[in-house]
Amino acid sequence: QQSKPEELLKLRQGLMQTLKSQWAPIAGFAAGKADLPADAAQRAENMVLVAKLAPIGWAKGTEALPNSETKAEAFGAKSAQFMEGWKAMAAESTKLAAAAKAGPDALKAQAAATGKVCKACHEEFKQD
């Protein structure tokens, strides 16, 4: 049985909250606003899992729902680009996990690259 768009939207919102909760401490560290999270590598590995699961929540029809926070016209026209963005997020998060194990300087450098992937997708597809 296929999931209803409303169920997928809830899944998506939960996954995005999870991604944010894992990313925020790393981003704070990279920006010099927080200490290095002791569990930075695990957080980055969690981000990989979320990035691989997240596309499930963006099934066709979910972009037009109230509270979707998605630019429906951009999503509809560029859904392949959107899915490629998730692949890029998984790849950058994998690099982030390796960088976290390599040390603080490597983590900061890779966090900048990971953040660019987040920002590019948000600018293209997320409603203000």
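Each Cβ is built from the backbone N, Cα and C atoms, and glycine gets one as well.
Listed features, source Swiss-Prot:
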type: BINDING; residues: Q13, Q17, E69, T70, C118, C121, H122; note: heme c binding site
Surrounding CB atoms that lie within 10 Å of the CB of C121 (heme c binding site), all protein chains: 17
Heme c site span - longest C-alpha distance across Q13, Q17, E69, T70, C118, C121, H122, in Å: 16
Fewest other C-beta atoms within 10 angstroms, as judged across Q13, T70, which are the binding-site residues: Q13
For C118 (heme c binding site), the number of other Cβ atoms found within 10 Å of its own Cβ: 19
